[in-house]
Amino acid sequence: MEKKTIVLGVIGSDCHAVGNKILDHSFTAAGFNVVNIGVLSPQEDFINAAIETKADAILVSSLYGQGEIDCKGLRQKCDEAGLEGILLYVGGNIVVGKQHWPDVEKRFKDMGYDRVYAPGTPPEVGIADLKEDLNIK
């Protein structure tokens, strides 16, 4: 079976590179073709990389607490760019302060994200979810 391609990056003005490298290594080891666009990435970079590589999913990371601002509108931009239905995952420290997680998760799902991960979620959880969502046995 052909490897599934994912675009991975850290959105907005966030420069947290260590978690990005861990995710890159973990998803690569799990058999995915990872296109890592790095840190400080605007939404357009995720979209352009997904189009260029015919990606199956976009994985957005944010650790500096501003993810809610940075992630708003990405689903709509994906749809406008012809990426309707592409899987969108987001995770990390995606909001400012301690907030009730079910509320945070709902807000991101309402923005069009398929999966939303709390701080400290192990990469293996996202890998298992992605395999399920892409029907990989």
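For all residues, glycine too, the Cβ spot is worked out from N, Cα and C.
Features as listed in Swiss-Prot:
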DOMAIN    3-137  domain 'B12-binding'
BINDING   Ser13, Asp14, Cys15, His16, Ala17, Ser61, Ser62, Leu63, Asn93, Ile94, Val95, Val96, Gly97  adenosylcob(III)alamin binding site
Helix, strand and coil residue totals from DSSP for the domain 'B12-binding' (3-137) stand at 56 helix, 31 strand, 48 coil
Ranked by how many other Cβ atoms lie within 10 Å of their Cβ, the binding-site residues Ser13, Asn93 are led by Asn93
Span of Ser13, Asp14, Cys15, His16, Ala17, Ser61, Ser62, Leu63, Asn93, Ile94, Val95, Val96, Gly97 as binders of adenosylcob(III)alamin, largest Cα separation rounded to whole Å, comes out at 21
Across all protein chains shown, the binding-site residues Cys15, Ala17, Val95 give the max Cβ-within-10 Å count at Val95
Across all protein chains shown, the one of the binding-site residues Ser62, Gly97 with the most other Cβ atoms within 10 Å of its Cβ is Ser62
